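TrEMBL has this to say about the protein:
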- 110-174: domain 'Mechanosensitive ion channel MscS' (DOMAIN)
- 20-40: transmembrane segment (TRANSMEM)
- 60-79: transmembrane segment (TRANSMEM)
- 85-107: transmembrane segment (TRANSMEM)
Amino acid sequence: MEQTLTTFINEFTAALAKSAPILIKKLIFLAILWVTYRPVQGFIMKAFNKFLSLKKLDELLIHFLQSFLNILIIIFYALNVIQILGIEMTSILALLGSIGIGIGLALKGSLSDLAGGMQILASRYFTKGDYIISCSVEGTVQRITFLYTVLHTVDNKFVVVPNGKLSGEVIVNAGANAERRVDCVFSVSYDTSIDQVKE
């Protein structure tokens, strides 16, 4: 029994001594990643925010881009950690790909609306407060989200239009300019004077 225990301890010690340099190296790299994550993230986000401040983008789109960049930074560091730990990347990427395909198929309509919302926010076809006509409805834009746009109609109704449909239709922005012409057609009798018509 003692001989077996001694043999196990010797083998474990030898294996540990053999793998110690590699283990220490991995721990050093992990420590470097841990220490540099916040400073690197802060530097990149600060530079990105400075770049966005020069662009006239919708606030919702700015928040989305900031979140998206932050996710990319996290993914970059996570992949480095996985690589340092020696985990097989092929199986993980295959699993993530399968999950992505499944989510994409399940959220096909929502992804279309998301793409439409990003297109609307980036191109600034219209903004909050504009009066638009599209998709057989018209009204004042109350709110623009990534998935839908809310219109307030003249008969005091709120209409929710999916951005995927809205971005693929013709959009008439009647509120783009400060002034616009309104054509009114009405009938008057032949004996009505011009002054009365003007009144």
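Cβ from N, Cα, C; glycine included.
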### Task
For the domain 'Mechanosensitive ion channel MscS' (110-174), jot down how many residues DSSP puts in helix, in strand and in coil.
19 helix, 24 strand, 22 coil
### Query
Mean pLDDT, the domain 'Mechanosensitive ion channel MscS' (110-174)?
86
